[in-house]
Amino acid sequence: MADHHHSAWTTSGAPRHPLLSCALMALVSFVAAGAGAGPMVLAADAIVFHVANKCPFPVWPASAPNTGHPVLAGGGFYVPPGKSRRVDAPATWNGRFWARTGCNFTANGGVGATGCLTGDCEGRLACNGSVGAPPATLVEVSLHAKGSSYDVSLVDGYNLPVAVSATGTGADPNKCAIAGCAKNVNAVCPPELQVTATGGGGGGGKTVVACKSACLAFGLDAFCCRGAYATPATCRGTVYSRLFKDACPAYYSYAYDTTAATASGCYAQEYVITFCPSRWGDEPGDGAAAAAAAQI
Ligand SMILES: *[C@@H]1O[C@H](CO)[C@@H](O)[C@H](O)[C@H]1NC(C)=O
Ligand SMILES: *[C@@H]1O[C@H](CO)[C@@H](O)[C@H](O)[C@H]1NC(C)=O
């Protein structure tokens, strides 16, 4: 996909220079340790992500750095319903967050292993920098000292709604918020895009656990904004992207979606990523509440 910012999971995101990542991580640790005497406090050049789970079921959030940035929190962890996990990050971190659902890591990875129904990374709890398997809702983060930006992408599909906000001193709610969804995409996903799993809802029936994008499902240039469709003028929304847009107006519904919300120029020390914000939508003030949720 031409637009790197909303590219397919399979083509970006994995740390291609692990040694550089390690060097950066060492530098960050060095700066953090040297920044202040006394107890280990948050360095001035570090920020916090609060990863909150308001879903009525457990999720296994994951993150993967862009090239040259460190893996955060092992790249993946467990958050039970109603809980929140604190993740420290360098103030200039770039990468992605997503959530995995329906996980069982008993087999604990290995070639061809599968650990989760959605967003899986080779069956492991700690993704260690690997990107997940699409479809899954993707939070794309680009932190900068001169103002951070982030967005939510359904370019490769959807598994859960997510809202992003900033909290703490100086955070501007108008510049820092990405709202959740008005509808559950899985509930309106057409059969040709559905990812289903047995059980979950009881009765042994099939449940829709994720919804592929048309690009992921069909791989056609017109849906993926490739080839003759590699420009904003030629890659337009389709009946499929409009379905995503209707459910989640704030998200990127296809690579050249110009109507998505992008938080940009956001200055904050703390960011809140909330999976399943209330009632499939976002509520003002949710961010602070989610940040205050019981930490694990
Ligand atoms: C997890 O997977 C293991 C091995 O496949 C299985 O024995 C176990 O019952 C599963 N646990 C749950 C909670 O489904
Ligand atoms: C995580 O990735 C790094 C860099 O690729 C590697 O050196 C390390 O062994 C990995 N750790 C685990 C537990 O797989």
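Positions of Cβ are set from backbone N, Cα and C atoms, glycine also.
Unlike curated records, TrEMBL annotations are generated automatically.
Within the set Cys55, Cys103, Cys176, TrEMBL assigns Cys103 as the partner of Cys116, by disulphide bond. A gap of 23 Å separates the Cα atoms of Cys224 (disulfide bond) and Cys181 (disulfide bond). Ligand 1 lies under 6 Å from the Cβ of none of the disulfide-bonded residues Cys127, Cys181, Cys189, Cys224, Cys248, Cys276. Cβ neighbours of Cys116 (disulfide bond) (same chain, under 8 Å, six or more residues apart in sequence): Trp60, Arg100, Thr101, Gly102, Cys103, Asn104, Gly123.
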